[in-house]
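Asker: What follows is a structure written as structure tokens; I'll ask about it next.
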Amino acid sequence: MALPSSARLTIDLEALAHNYRVLTAEAGGVEAAPVLKGDAYGLGAGPVARRLWAEGARSFFVARVSEGVLLRMELGPERPARILVLDGLPPGSADALAGADLTPVLTSLPQVEAASLYAAQAARALKVGLHLDTGMNRQGMTAADARALAQSPDRLRGLDVELVMSHLGTATDPTSPRSAKQLAAFERLRALFPEAQASLAASAGIFLGAPYRFDLVRPGVSLYGGGPFEVTHPALKQVATFEAPILDVRVIAPGETLGYGDSLRIETPTRVAVVAAGYADGLIRAGKAGGKGWFAGAARPILIINMDLIVLDIGDAPARPGQMVQLMGPNAPIDDLAAASGTVAHECLVRISERAERVYLGES
Ligand SMILES: *Cc1c(COP(=O)(O)O)cnc(C)c1O
């Protein structure tokens, strides 16, 4: 059991379910397949997947084969979900994929070849997806690869292509012309595989309009409360609340220096709370510049973030040791913390470490 002096990460699965419904509605009713890579962005793939299954989700994405194997166990035989693996079929992974009934999203011609060979050896059809690159230049087959496959169906022998997908590089910036270019490229390529489901949009793509939604959307961060465009979205709820208790309250006199180094000179008497959280809990050290913690009804500036301690300017708010400060949650939105930390909500979520006690609300 965690002692009261530790930081706590509360995962509100009711809020997660709410966000799933918001995103499904926004997607106009096409299938929404939650992205659960990185242990569901650090929130726990098992509880998150089981709750989303209860909400009607039947397909899930993970990055690694190992994540897919674990997710299959977490879901159990009573929830026979389709689990799609974004890494596709890395060398040596075919048995693990087949053993856990995972669907690899193949990312290259050599992967297609390996999958087809495996299907021949196993003497049964293998369900696969194809990842087609439309301009992000990170993962997926080129347009030429896709055409080569479509023109010689032999290379797909033994493979049942259920899904073709691509990923947008600039979806979080609705003004970028690159998204429309990728959309046009994807429309051309998906037409080569007319039988397969098509998918282009992650969280942000869902909000770019109907043409981006195709047959299936792949929301990740917005399920967990991150705004699609890296700012808080009014219809989405915060799923993760990170809180830590006050250890001490003190007043720092003018002319004093706070913490390590000489840079933080105190100009006026400053009442601070010393809070039991730090970068060992996964908070990002850079977040002190502009980061805020919520305490006693107001957002309070963070002054320093060390490994185990945060110092927060609490003004004249009544405070005593043991009271909790919210560093992420409904009153300290993840996108604000991400902006202050010079990163994205995804990274703030996955960084929360094992030291923080996990509490789940609304488990199913
Ligand atoms: C991570 C990822 C997603 C989900 O992205 P979010 O921005 O978290 O919604 C969807 N598709 C692919 C290919 C991804 O890598």
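Keep in mind that glycine also has a Cβ here, set from the backbone N, Cα and C atoms.
Keep in mind the model is a prediction, meaning the values are calculated, not measured.
Pasting the feature list from TrEMBL:
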type: ACT_SITE; residues: K37; note: active site, proton acceptor
type: MOD_RES; residues: K37; note: N6-(pyridoxal phosphate)lysine
type: BINDING; residues: R138, M307; note: substrate binding site
type: DOMAIN; residues: 239-361; note: domain 'Alanine racemase C-terminal'
type: ACT_SITE; residues: Y260; note: active site, proton acceptor
Asker: How long is the line from the C-alpha of M307 (substrate binding site) to the C-alpha of K37 (active site, proton acceptor), rounded to the nearest angstrom?
Answerer: 26
Asker: Rounded to an integer, what is the Cα-Cα distance in Å between R138 (substrate binding site) and K37 (active site, proton acceptor)?
Answerer: 17
Asker: Can you grab the distance from K37 (active site, proton acceptor) over to Y260 (active site, proton acceptor)? Cα atoms, rounded to a whole Å.
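Answerer: Each residue's Cα considered, K37 (active site, proton acceptor) and Y260 (active site, proton acceptor) end up 36 Å apart.
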Asker: Over the domain 'Alanine racemase C-terminal' (239-361), what is the model's mean pLDDT?
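Answerer: Mean pLDDT for the domain 'Alanine racemase C-terminal' (239-361): 96.
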